[in-house]
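Asker: Pulled from TrEMBL, these are the listed features:
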ACT_SITE  HIS105  active site, tele-phosphohistidine intermediate
ACT_SITE  GLU179  active site, proton donor/acceptor
BINDING   ARG104, HIS105, GLY106, GLN107, SER108, THR109, TRP110, ASN111, ARG155, LYS190  substrate binding site
Amino acid sequence: MVVIATYLCGHDVVHVSISSFPGKTNRSHRKAVIFTAKSETPDKEKMLALASSPSSSPVTRLGIRASSGLTVRRRPPPSDEVGVDGGRLAFPEIGAAKRVVLVRHGQSTWNEEGRIQGSSDHSVLTTKGEAQAETSRQMLLSDTFDICFTSPLIRSKRTAEIIWDARMEEMIPESDLREIDLYSFQGLLKHEGKARYGDAFQQWQIDAPNFNIDGHYPVRELWARAKSCWDKILAHDGKSVLVVAHNAVNQALVATAMGLGTEYFRILLQSNCGVSVLDFTPTPEGGSPKICLNRLNQTPNSPIAAGASAGRKARNRIILVCHGTTQSNDEAYGTEVKAIKTDAHYPNGSTKNFTVSFASAVDKPMNMLGIIQSQKTAELLLDLKVNSIICTPSIASIDTSMTISKIQEAADCLGADCIPRYVEVKKMEAFAFDTVKEIWDEGVKAWDTLLQELADESEAGKNVVVVGHPEIHTALIVRCLNLTKEWLGSFHLDAGSISVIDFPDGPDGRGVIRCVNYTAHLGRWSIPITRSTPDDEEF
């Protein structure tokens, strides 16, 4: 029997696992009882852990090792950007739904040199950067925009000009969209910054929110500036807005819109010419709009190509694959849409009613579109050596997983030695989720399973593919960010999409979100950036 208890003490999340396996340990016979941590006084540091009987509610878990131990995982402190509206920043009231598309500039000469740019304006786009901007133009060619806000810096302004092309709508330079101000660091090569500033440079790398230089806290200043940008963007009448800016400022724009503080710097990646989409919807009671991250960092190049995450090489990776559309009443999603009303309880003690709309899974096979989507996803994953595939037990998830596995095996046969490599497909227990709480509970269990799968020391640098329903993947993303179930309605995933989470510090470190709801691999069947999708009323 494996028992896992979770204790929340201040900002620390303590997971206790006790293993006892008589005789041989067989993975298929390992059971776990989940002790859920709950508190009726969330504002106090001490949280009460509730433990149930060891014989109650056993669930099969994948990848649990026969060992005992105490693991402490560090949870980010509460956001330092708490507003008056339910624990998030208060944004201007809007009269109609608005979609904002964020794009980072293409590769610059200082990007190529590894030089610290900050808000300096001495670099220009490289030939590669111009090509990336052109690819983004093609990606957004059939999309409509009412206005474009752009950073005044040359590298960003040129990217905006390429994307905007022959459009006649207004382009507005906005000073607050400039890149993060790094003061004396600007213009230095990274090794020069390390040699000249020592401890300060190290703090910039490992504790950026508290990094101080020349009497300034650059990341904190950036977050405040991002809030100012949102006030101006949301005040504009345009319903579809393009914003072309920079890496750090785009991170801050996404984070502040989602109600996340400076501790999320470098957690939401923004690659060169990566596209992120945020939807703002007015609420019946007025005040701050509902905000949903529709897409994060859809790049001109493959999101699973080898590369760094926040400047560090990814040692482990989880790829979340949403199965393709299925044969159901809603042909667009293969699901039945439900709306659940619930309460949000925030760290500042406030409570707010909100509605989470989600698609309840219908266990039916994929339709022809879904089959095409699964094949396209399998082709995309050829760029990656997949170590294992974990899927939910639905028909569509299993079929998608087998397609990925077969193509991985066939691709390996193309090597010189022609030795087939079998990729194991593991099934999770049956999921039942008709309420927000059930979605969240299943997501928490699945996340713990995935971390243990990554922690398996039999292979170094594991890539785990997870195939399932969009709502479970949403819960996994929220859990990765150490948020609560109140954020489930803040993310959107399409059928056939992929989302990628990197672990540059291994499975015990923080996950870095490389992309969310990536669909460019689907080609002509991809989801447009600004045009209508079935659950959008205004777009």
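Think of each number as a place in line: the chain as shown, counted from 1.
Backbone N, Cα and C define each Cβ position, glycine as well.
Automatic, uncurated: that is what TrEMBL annotation is.
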Asker: Rounded to an integer, what is the Cα-Cα distance in Å between ARG104 (substrate binding site) and the residue listed as 'active site, proton donor/acceptor'?
Answerer: 10
Asker: Work out how many Å separate GLY106 (substrate binding site) and GLU179 (active site, proton donor/acceptor) at their Cα atoms, rounded off.
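Answerer: That comes out at 14 Å between the alpha carbons.
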Asker: Widest Cα span across the substrate binders ARG104, HIS105, GLY106, GLN107, SER108, THR109, TRP110, ASN111, ARG155, LYS190, in Å?
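Answerer: Across ARG104, HIS105, GLY106, GLN107, SER108, THR109, TRP110, ASN111, ARG155, LYS190, the widest Cα separation comes out at 21 Å.
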Asker: Excluding near sequence neighbours, so keeping only residues 6 or more apart in the same chain, what lies with its CB under 8 A of SER108 (substrate binding site)?
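Answerer: Once residues fewer than 6 apart are set aside, SER108 (substrate binding site) is near GLN117, SER123, VAL124, LEU125, THR126, GLY129, ARG155.
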Asker: In sequence order, which same-chain residues at least six apart have a C-beta under 8 angstroms from HIS105 (active site, tele-phosphohistidine intermediate)?
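Answerer: Listed in sequence order, they are LEU125, GLY129, ALA133, SER151, LEU153, ARG155, SER156, ARG158, THR159, VAL244, ALA245, HIS246, ASN272, CYS273.
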Asker: Have a look at the recorded positions (GLY106, TRP110, ARG155, GLU179) and report the one with the fewest Cβ neighbours inside 10 Å.
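Answerer: Checked GLY106, TRP110, ARG155, GLU179; of these recorded positions, fewest Cβ neighbours within 10 Å: TRP110.
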Asker: Give the distance between the Cα atoms of TRP110 (substrate binding site) and GLU179 (active site, proton donor/acceptor), rounded to the nearest whole Å.
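Answerer: Here the two Cα atoms are 13 Å apart.
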